[in-house]
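**Q** Annotations for this protein, taken from TrEMBL, read as follows:
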type     : residues : note
TRANSMEM : 6-24     : transmembrane segment
TRANSMEM : 36-61    : transmembrane segment
TRANSMEM : 81-99    : transmembrane segment
TRANSMEM : 177-199  : transmembrane segment
TRANSMEM : 211-231  : transmembrane segment
TRANSMEM : 243-262  : transmembrane segment
TRANSMEM : 274-297  : transmembrane segment
């Protein structure tokens, strides 16, 4: 159960990240004359939204409801917040990339095309809804009923038609081995990349803005990979289609990030090419095994 002191700390962190998001949305345009600073603010804002997503899922996993196997109940209660946060995250990244691409070389020129203004309006509207519903969800997850056995939970448990398994073990052992190896490999990859960026920043004519962007994207990649491997492992071991499906969906942005560091970053060292090639091998192999495992779950669970 989430202790009161821990819950207060987590809630404070969530509110801090929401406050930073509100601050950037309100005042970032005042720094348009300094595109590097604005870029850093935008990147931290996107990472803050991603961290809020991670925190909310970690709170889900800590509930007695989740541990009792009623995952669908949690997602049904909070699916609006989850979907809205994902939409806001996508809108924010799209807006940030678009506006920085137009403004980077000349920060004083007029960049507000009709398309950009439309995206800006939708992004700001989504920001208001995101702040309200995320805060509401964070507070609701403090309800003690989610963290202990109760008559309410037993009634919900009886109402849910739990899947019936054939007695066969459907979890994929090769997939679990790949997840385990990938987790340790990515931890090594992340640390090596940090040292490589330090090396390139000191010895190569690496533009400051590009270096900041590449390092920030590395932390974004870390968040995506943690979520992907966590959901993949839980879905495979617990024979659950929803977590495994989320892991499959996150494989595509993970592959895009590895491809970026393999082909598109400012300077690509031979060591980086090898490391990202191995990551792409992991992603491809895991995607294939995840699809096969999902097929087995769908065939034998009813």
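Just so you know, glycine gets a Cβ as well, placed from its N, Cα and C.
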**Q** At a C-beta cut-off of under 8 Å, are there same-chain residues at least 6 beyond the transmembrane segment (211-231) that contact it? List them, or none.
**A** 36, 39-40, 43-44, 46-47, 50-51, 53-54, 57, 179, 182-183, 186, 190, 193-194, 197, 200-201, 243-244, 246-247, 250-251, 253-254, 257-258, 260-261, 265-266
**Q** Which residues of the chain, 6 or more past the ends of the transmembrane segment (6-24), have a CB below 8 A from one of its CBs?
**A** 41-42, 44-45, 48-49, 51-52, 55-56, 59, 127, 130-131, 134-135, 138-139, 142
